[in-house]
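**Q** Heads up, here are the entries from Swiss-Prot:
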type: TRANSMEM; residues: 18-38; note: transmembrane segment
type: TRANSMEM; residues: 41-61; note: transmembrane segment
type: TRANSMEM; residues: 75-95; note: transmembrane segment
type: TRANSMEM; residues: 100-120; note: transmembrane segment
type: TRANSMEM; residues: 141-161; note: transmembrane segment
type: TRANSMEM; residues: 175-195; note: transmembrane segment
type: TRANSMEM; residues: 202-222; note: transmembrane segment
type: TRANSMEM; residues: 224-244; note: transmembrane segment
Amino acid sequence: MSHGGGGHAAELYPEEQIFAVGIALSLVGCYLANFLSPYGLGMLIGGLLASAACVAGANTVRKVAAYGLGTGVPSIGMVSLGMGTLAAVAGVLIPDYFNLPYLVAPIITLIVSAVIGYIVGRLTVNPVGMKIPIMVRSMTFLSIAGAMALLGFTVAYVGSLEPQKYIDYALNNGMMALAFIAAGMAILHPFNACLGPNESHKRTLTLAVACGFITWFVFSVVKLDIVSIIVSIILWAIVYVKFVKMSFKDACAVLHVPEIPKKEE
């Protein structure tokens, strides 16, 4: 049975597996961005691995939206980043407040995002009353994915997990707002674009990877990291071309729009 109003299309890989891999890669990416930044590799490695959190989040959106959220697909993506923003900021600032090593920030972000996601998930079930059996788990997963995507891309940009640097170069200059929108689109867009009677897990995941790469490209441009700009746009083009070919193959018909007439007939 296909997506788009209920039911589940066949999964290539279990949701838990994709989520675990995506979050693990983004967690490692936060640390590598911190340590490799002095060598000019923070955005190249950190940005690449941060995109994995976007894929994990997009896959969870696909899972929960299959229960019939309808126009709620973009909304739940924004909720993911709303929860993630709180968790990412808390994860960076809590170590400073309690005099803990700042390198524990990604771990604290994971913990805080899981707690926030669980609480929001419980509230959506009661008192809001959304009768989706996987809602609590999905909101927890989305909160974690949103937080790790935000933290991953912003740390890759800042080049450090040190609280004051993060405040100056991720919060005070508005980079967190860019991360909110860019990562949010990367998480909500894949299933929103692919849902329908013939949705396939492979095609949705392919677009999710492309969205992760284009988010990485955006941050590379803002940071003016030439190597990351070139690598990210090449990887995006490769994956996106693959997605377009898959879409043509799966479509029942492909209708090309004719050239607009130069003058009225």
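Easy rule for this one: first residue shown is 1, then count along the chain.
Cβ from N, Cα, C; glycine included.
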**Q** When only pairs 6 or more apart in sequence are counted, do the transmembrane segment (141-161) and the transmembrane segment (224-244) reach 3 or more Cβ pairs under 8 Å?
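**A** In this chain the transmembrane segment (141-161) does not contact the transmembrane segment (224-244) - fewer than 3 Cβ pairs sit under 8 Å.
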**Q** So if I exclude everything within five residues of the ends of the transmembrane segment (41-61), which remaining residues of that chain have a CB under 8 angstroms from its CBs? That is, six or more out.
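**A** Non-local partners: 15, 18-19, 21-23, 25-26, 28-30, 32-34, 73, 76-77, 80, 138, 141-142, 145-146, 148-149, 151-153, 155-157, 159, 183, 186-192, 204-205, 207-209, 211-213, 215-216, 219-220, 223, 225, 227-228, 231-232.
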**Q** Given pairs 6 or more apart, does the transmembrane segment (18-38) have at least three Cβ pairs under 8 Å with the transmembrane segment (100-120)?
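**A** Answer yes, regions in contact.
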**Q** In the same chain, which residue numbers or ranges, 6 or more beyond the ends of the transmembrane segment (175-195), come under 8 angstroms Cβ to Cβ?
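**A** Same-chain residues near the transmembrane segment (175-195) but 6 or more away: 3-4, 51, 53-54, 57-58, 61-62, 65, 73-74, 76-78, 80-81, 84-85, 88-89, 142, 145-146, 149-150, 153-154, 157-158, 169, 203-205, 207-208, 211-212, 214-215, 218-219, 222.
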**Q** Residues sitting near the transmembrane segment (202-222): Cβ under 8 Å, six or more positions beyond its termini, same chain?
**A** 12, 18, 43, 47-48, 50-55, 58-59, 62, 149, 153, 156-157, 175, 178-179, 182-183, 185-187, 189-191, 193-194, 228-229, 232-233, 235-236, 239-240, 242-243, 246-247, 250
